[in-house]
Amino acid sequence: MTRFLANLKSSHSSTVFNHSHKIIKFSYSSHTTQPFPTKTFFKSNTKDTTLVPHLCNHKRFDEAIHILCQQNRIKEALEILHQIEKPSASVYSTLIQSCIKNRLLQQGKKVHQHIKLSGFVPGLFIFNRLLEMYAKCDSLMDSQKLFDEMHERDLCSWNVLISGYAKMGLLQEAKSMFDKMPERDNFSWTAMISGYVRHDRPNEALELFRMMKRRDNSKSNKFTVSSALAASAAVPCLRIGKEIHGYIMRTGLDSDEVVWSALSDMYGKCGSIEEARHIFDMMADRDIVTWTAMIDRYFQDGRRKEGFDLFADLLRSGIRPNEFTFSGVLNACANQTSEELGKKVHGYMTRVGFDPYSYAASALVHMYSKCGNMVSAERVFKETPKPDLFSWTSLIAGYAQNGQPDEAIRYFELLVKSGTQPDHITFVGVLSACAHAGLVDKGLDYFHSIKEQYGLTHTADHYACIIDLLARSGQFEEAENIISKMSMKPDKFLWASLLGGCRIHGNLKLAQRAAETLFEIEPENPATYVTLANIYATAGMWSEVAKIRKTMDDRGVVKKPGLSWIAIKRDVHVFLVGDDSHPKSKEINEFLGKLSKRMKEEGFVPDTKFVLHDVEDEQKEQNLSYHSEKLAVAFGIISTPEGTPIKVFKNLRTCVDCHTAIKFISKITNRKITVRDSNRFHFFEDGHCSCRDYW
């Protein structure tokens, strides 16, 4: 640069500007009348960035500064600025604009300081550019100071400062300036309305929009009404949203895609998904953001089929999904445990290519973990260059739910060693792994480390997990000790965990206390009544079982029916307890009868202690024989070739008798059988279960 500045003194020169891929050459002499240098561009492989021009007047300096700013070489441009005796407004404007573009506050301040010292008298345009530079670089104090010093201001001056305050969430300051404005335009109103929306104050945004329509005869533009629609979606209020829709139709703004997108979003968030789809279908130019939003609305509304169908339409449209589209679809597959569909999405992602650092990679790990395919979950995880915390947590929780606590703990320790800080949800995963495996000491160590080592606060979920672990292990005294020291009121999940442990160990007294508390918290939940009745039935207290049943009848509480389902050749078959509505019911029952004989020959004894009727043992066995998961497993076996793995899903926790029976079935039929109940995955093979009979 020193060499460059020295060469500026030459009166007859050839300017060569050499940068990373181009050489720009200026040719001229001191006698030329040509106002600007001619530029010759040619490629160069050199990486030398030395600047060696020979300039003799301000226009040559100006040209060099413009070129340097285009290349974002602001530091070098500033060095040239200090060699110009009287810089032009164009030079200052170029430098300030470059500082705005690159958010270079300190360099922008140097330009402002140079303006003050050079004697240059800036016009309103330069002042406004400086205001914008300070505002966009988040230095609102400097912006306000400059605004106060300005003798002349126009609408742009006010708007720049108001917009800056609104974006930073300083809405009181923004509104104060807004109220003082001598005049307003669409930008002024939109800046305030969008500021209120962005910072979760939708009601004030809507009030301002109403005021805008009443005053100043202002006509909204697409950005103003889009912000107002976002506000009505945030409330949410469908009535107001429809009023804005009517206003849009009257003012002729209904032809803009930005407005259409905002309308569809408003209807979706206000619960009118049919209207949202109607708007979506009317849009002529739908981008991937619009498609993704509409697909996600279906999933959020529980209408997964429509969501998947629309995703298929997207693929046919030729528009390429982005990482957010893939994430939404994969999460829907995870929630529905639709592994086959998830695999197809994964295959498509692989064919078109996807960013391994994106949310989509994390969603893949989550999908496979939730579907019980830990081999694929781990493979995707290992192929991710830098897994995020969501991926780590999905893998840990997946191993916990899939009966592999050692792997869950191993990955938790690897997470800690990687330097990634676990969060509250990660600890829920590792505590669940300890609870499923009965690792009391390990679980207590993790529980105490949450606060002592990681500085996090214990959540209700953490307490529920540790009480679940202690209750399952029969350590009720320790569990009650932790409950007594809790910093929050125990919630329903904690009491349900305690009640579940009481069922395992027959702790009648504590079970009654937990149940009574749950009756107060959620008297409509049938699970509490059924669990307590099971405990009474095990103890042979049939009069108490009868009382529980009467209480349920009096309160109108209906036991949630247990149902199981299995997918065979893409068709889902659903079974209820004692179900005889299936077309193959006769074959299923005959097969179960044959299995029952073989199982008893192998030593199977039906576990009738949880049957809630005081009837003969033979009738109890009959009742157990037709539980929904047994029907689904039997159907799966008779409907598939020998050796085919069976995967069954159940909406409730599987019962002890079915769990034992399916262990025998897996050995007799030489099948791998997976049962996903409401609590976890059970992998049955050769007479054993992955849970080790501890669930």
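Quick reminder: no glycine exception, Cβ is built from N, Cα and C everywhere.
Noted in TrEMBL for the protein shown:
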type   : residues : note
DOMAIN : 603-695  : domain 'DYW'
REPEAT : 88-122   : repeat 'PPR'
REPEAT : 154-184  : repeat 'PPR'
REPEAT : 185-219  : repeat 'PPR'
REPEAT : 256-286  : repeat 'PPR'
REPEAT : 287-321  : repeat 'PPR'
REPEAT : 388-422  : repeat 'PPR'
REPEAT : 525-559  : repeat 'PPR'
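Counting residues per DSSP class in helix, strand and coil order gives 26 helix, 0 strand, 9 coil for the repeat 'PPR' (388-422). The residues of the repeat 'PPR' (525-559), classed with DSSP into helix (H, G, I), strand (E, B) and coil, number 27 helix, 0 strand, 8 coil.
Each residue in the repeat 'PPR' (154-184) gets a DSSP state, and the totals come to 23 helix, 0 strand, 8 coil. Residues 124, 127-128, 131-132, 134-136, 138, 140, 143-144, 147, 191-192, 194-196, 198-199, 201, 204, 216, 218 of the same chain lie 6+ residues outside the repeat 'PPR' (154-184) yet bring a C-beta within less than 8 angstroms of a C-beta in it.
Each residue of the repeat 'PPR' (185-219) gets a DSSP state, and the totals for helix, strand and coil are 26 helix, 0 strand, 9 coil. With a cut-off of 8 Å between Cβ atoms, the residues of this chain six or more beyond the repeat 'PPR' (88-122) that come close are 58, 61-62, 65-66, 69, 72, 74-75, 77-78, 81-82, 129-130, 132-134, 136-139, 142.
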